[in-house]
Amino acid sequence: LSSTSTMETTNFSVPSAEKVDGFPRRSMRRARQRRSHSSSQFRYQSSQVELTPLPLLKDAPVAELHDLFCKKLQQCCVLFDFLDCVADLKGKEIKRAALNELVESVATSRGVLIEPLYPEAIKMISVNIFRTLPPSENPEFDPEEDEPTLEASWPHLQLVYEFFLRFLESPDFQPSMAKRYIDQKFVLQLLELFDSEDPREREYLKTILHRVYGKLLGLRAYIRKQINNIFLRFIYETEHFNGVAELLEILGSIINGFALPLKAEHKQFLVRVLIPLHTAKSLSIFHAQLAYCVVQFMEKDATVTEFIIRGLLKYWPKTCTQKEVMFLGEIEEILDVIEPSQFIRIQEPLFKQIAACISSPHFQVAERALYFWNNEYILSLIEENCQVILPLVFATLYRVSKEHWNQTIVSLIYNVLKTFMEMNSKLFDDLTASYKLPAAARLWRADRRTLAAGSGVPIATCLGFLFFASSLSHHHLFL
Amino acid sequence: SSQQHQEAVHHCASSRCGEDSHGKLYKNDTETQLYSLKMYSIIHIFYNTIYDEDEVLLALAEQLGNFTMLVGGPEYVHCLLPPLESLATVEETVVRDKAVESLRKISQEHSPVDLEVHFEPLVKRLASGDWFTSRTSACGLFSVCYPRVSSTVKAEIRQHFRTLCSDDTPMVRRAAASKLGEFAKVLEPEYVKSDIISLFTALASDEQDSVRLLAVEACVSIATLLPQEDLETLVMPTLRQAAEDKSWRVRYMVADKFSELQKAVGSEITKNDLVPAFQNLLKDCEAEVRAAAANKVKEFCENLPEDNREQIIMTHILPCVKELVSDTNQHVKSALASVIMGLSTILGKDNTIEHLLPLFLAQLKDECPEVRLNIISNLDCVNEVIGIRQLSQSLLPAIVELAEDAKWRVRLAIIEYMPLLAGQLGVEFFDEKLNTLCMAWLIDHVYAIREAATCNLMKLVEKFGAEWAQNTIVPKVLGMANDPNYLHRMTTLFCINALSEACGQEITTKQMLPVVLKMSNDQVANVRFNVAKSLQKIGPVLDSNALQTEVKPVLEKLATDSDMDVKYFAQEAISGMFDFLLSTKLLNFNSLNFIFLLFFLCSFGPSITIPNQRLQDGICHGTLSNQTLKVIACLSQLHTFTSSAASSFVLCGKNTK
């Protein structure tokens, strides 16, 4: 693992195949750009202590166990340079073994965690995991396309995270003692680590933060507030944060546990943070988690439905079809659990948007919208409100069925029209009959409007004006 | 739709110019009031009906800043505050920033009384708003009203600013930190010491690095405001701490602002503190920081106190620079390469030859093309000090290598420096060593390179003159007209397009035109329609005799070509020449004749053959001929005809329909 980030760059030669087209393949470019780095270097400079192996924990007499545990924790506070993969191998091995022992001890034996060990354990964890994350190797890092930079010191870091997790999950863990050491500052630094590019690290952080949230009640409001700040910064300032999906996943389960009626703080979070998150450029990375959170809110309290749908309609993507498909997916998830009384409140604006999607020239957008009619619950809602919905979508369906380039879409529309016909044949016939006439009338009106907008006057006047203008300009020429 | 609303907003403001000039008409009091009332309600209608489209809000926020005259002048300007206040609380950052910008603008149009009665309460409301957006907006407004209010209000403003600096949302602290320097500037000196320094110290040790780094920016303005003797105790501890911050972002900021900091703290502190700090930044473990520091090497050295500048550079800076030349990161090296040449003017001839030249040469051989390019693009600095000949031995291989680089973007970049190099190396050196390269680029397999090479030739001709072109370039270019590869034959045409003007009428008519005309018989259609295009292009250089006797027949022949594109471009060229003749007033129409011509063409328009149906479809549903459109376009080019031409368009549209 460490070899990936210590790759030599100096002697990298361009393969002959690359010279042919002059366009290096993406992977090549990445390999070339890869350079050794880690922000952690900054702190390596000071500490270089020789480690000596300590006796094994399992061999220690009970009386000395805690003392030895403490010594091992202190030993694990020494940091190593993983960018140089051959540096101090012995020390690295000793620390690795010690960490393994600590993990095992916390996980399996009871009565290890006594009060004096808390500050030592938290100190060891802080020293190891808290660091300024390095600048991204690739300034235009695209989480979907590019390989993430992996943390070089993962062999140790993983064990520290593992230890932290076991520590929190241990039956001996006492929140009342831990809260003195796991404080707001600690949590803030923990949250900053979610920006790590390494998905393994974020995975650990997710579980750990979840446990912290579960066990340390006094920190809950603070954690929620800081997550809010991270999201707001992500939406309105930087548009860059690697851990949005993980934080949303935690929030999903937090929302699940909200008490009813919802507090103003939580509603504000929905309206001012979750909904605007939909505007992010990198929505696709965390959309599933975001949609889950949104649906959770609805299931908690149906009255937020209107907020949510109107919010989504406000931020509806105007040019990005990929995002439009995601929005449609989310709408379907929402409609899946919507209460009929809420549905009535938003059906009009919603189905205007759906009609617009059906007429999208991008077949995936149209297709995704038409799939709504395959959903039995949605279909039942449509049927109940056929009088309102059919007039909203009819003209679009009729027109698109005649002119869409994609055959799948055309046949899907025929199915939808058929469904409507079966639902309410009277209304359907009325609309069909009246469609052609207003279509012609619309054209005529549009024509008249453009004429009026173009000249604002009848043709005869226009001619007169032309001659008037020409005589004026004639005048100008002589001037 | 939002688009229309946006346009409407812009329209409102653009009518301002007209109203401004008639401003005096509204001197009558009731009229003014009535008018401002009307504007006020318009603004409110806007604000209340379209509040949810960010693009519209942005336009609104921007334009409201220009509304002072529209609402009846400075005495009524406060009626713009309510809409701007709510825009300043919007979530979307760009809208909010624009609203703050407009508020800052109109704050200057308030009288001191209005400022206290209307503006300052608004700032207070924003500063104590519930949601962070209003508080961030408030941060930008303190400094504009502070200088013009009474001392009690001033005290309140200072208190508000203090509160926002320790706000519990980082967004607000960031906003406050970014305005700290600006606010410090308008404060009385005693408050700078008592208030600002403590705020500065607190923000510079904030728990979030995004706040700390903004404090570094403020450091520059604060340092300029304090007397020299206070700097050491009040500012330097914080600055030292920032230069060694554990977050690379903060160190990067220090590196990025280094020249400003250096100027602000003065030469004594620079010598004692900043030189070691700069050395550390140049050796930083993060490449980003090193690159930012490397970028500042030249400026830093330039601004060192002159008495021992040379000594500091030679003993402290140069060793670090030497290390950076072989840095592992290419961005660092190329940042250094872009400024390192500037050191030669500071160090003088001998030092440059002894110490810098080896570094230049090493960078000229660097594996990364960007580094080499940066060196080459800054050759002029060295040229002044030691003359370019010192480098030419190494320069040539470097240029040749870049010229043949596998990546076309690199080749493109070096081409762009050719005219500069040619100017510095002189015509003999160029002919001897570089001319072949320039010609080789003409047959590059990437179009962008061939295009740039063409443009390069033009610049060279501008530099070395038409006679040089006639002897060295033109024969080679014209020789390519017989190349078996049609792309190379087209390159000949492109070169002619570019060179004709620089070479002048004689060379163009005597040497180039025959070749172009001959190529009109080319078997490849692309070459033929490019002949048409070239003829249009070089037409203005040719004399009218050649146009009539040689060019016109060829174009007419091409206009009957079997290929529709050739036909199209030939007709374009013909009407283009008509256009040209028109603009030089060779055809002496009076305006009425134009209109008759227009009618003539309109009525016969559809019967004129349409060369390219596909192109026509886009213009006017295939009903209006290209010729007609061209004439209308000609008309519209003459300013005085704009209005009549515009209405002619409407007319034509109807006519042909």
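Yeah, the Cβs are placed from backbone N, Cα and C, and that goes for glycine too.
Whatever TrEMBL says is automated annotation, not expert-curated.
Per TrEMBL, the features are as follows:
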REPEAT    B:80-118  repeat 'HEAT'
DOMAIN    B:80-261  domain 'Phosphatase 2A Regulatory Subunit A helical'
REPEAT    B:157-195  repeat 'HEAT'
REPEAT    B:196-234  repeat 'HEAT'
REPEAT    B:235-273  repeat 'HEAT'
REPEAT    B:274-311  repeat 'HEAT'
REPEAT    B:317-355  repeat 'HEAT'
REPEAT    B:356-394  repeat 'HEAT'
REPEAT    B:395-433  repeat 'HEAT'
REPEAT    B:473-511  repeat 'HEAT'
REPEAT    B:512-550  repeat 'HEAT'
REPEAT    B:551-589  repeat 'HEAT'
TRANSMEM  B:592-610  transmembrane segment
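Proximity of distant same-chain residues to the repeat 'HEAT' (B:356-394), defined by a Cβ-Cβ separation under 8 Å and at least 6 residues beyond the stretch ends, is recorded for 321-322, 325-326, 330, 333-334, 336-345, 347-349, 401-402, 405, 407, 410, 413-414, 417, 420-421, 424-425, 429. Below 8 angstroms of C-beta separation, residues 240, 243-244, 248, 251-252, 254-256, 258-259, 261-263, 265, 267, 317, 320-321, 323-324, 327-329, 331-332, 335-336, 338-340, 342-343, 346-348, 351 of the same chain, each at least six residues beyond the ends of the repeat 'HEAT' (B:274-311), sit close to that stretch.
Note: the repeat 'HEAT' (B:395-433) comprises 34 helix, 0 strand, 5 coil (DSSP; helix = H, G, I, strand = E, B). Long-range contacts of the repeat 'HEAT' (B:317-355) within the same chain, counting only residues at least 6 positions beyond its ends with a Cβ under 8 Å from a Cβ of the stretch, are 275, 278-279, 282-283, 287-288, 290-292, 294-302, 309-310, 362-363, 366, 368, 370-372, 374-375, 377-379, 381-382, 384-386, 390.
Broken down with DSSP, the repeat 'HEAT' (B:356-394) shows 32 helix, 0 strand, 7 coil. Across the repeat 'HEAT' (B:235-273), DSSP helix (H, G, I), strand (E, B) and coil residues number 32 helix, 0 strand, 7 coil. For the domain 'Phosphatase 2A Regulatory Subunit A helical' (B:80-261), the mean pLDDT of the prediction comes to 89. For the repeat 'HEAT' (B:196-234), residue counts in helix, strand and coil come to 33 helix, 0 strand, 6 coil, using DSSP.
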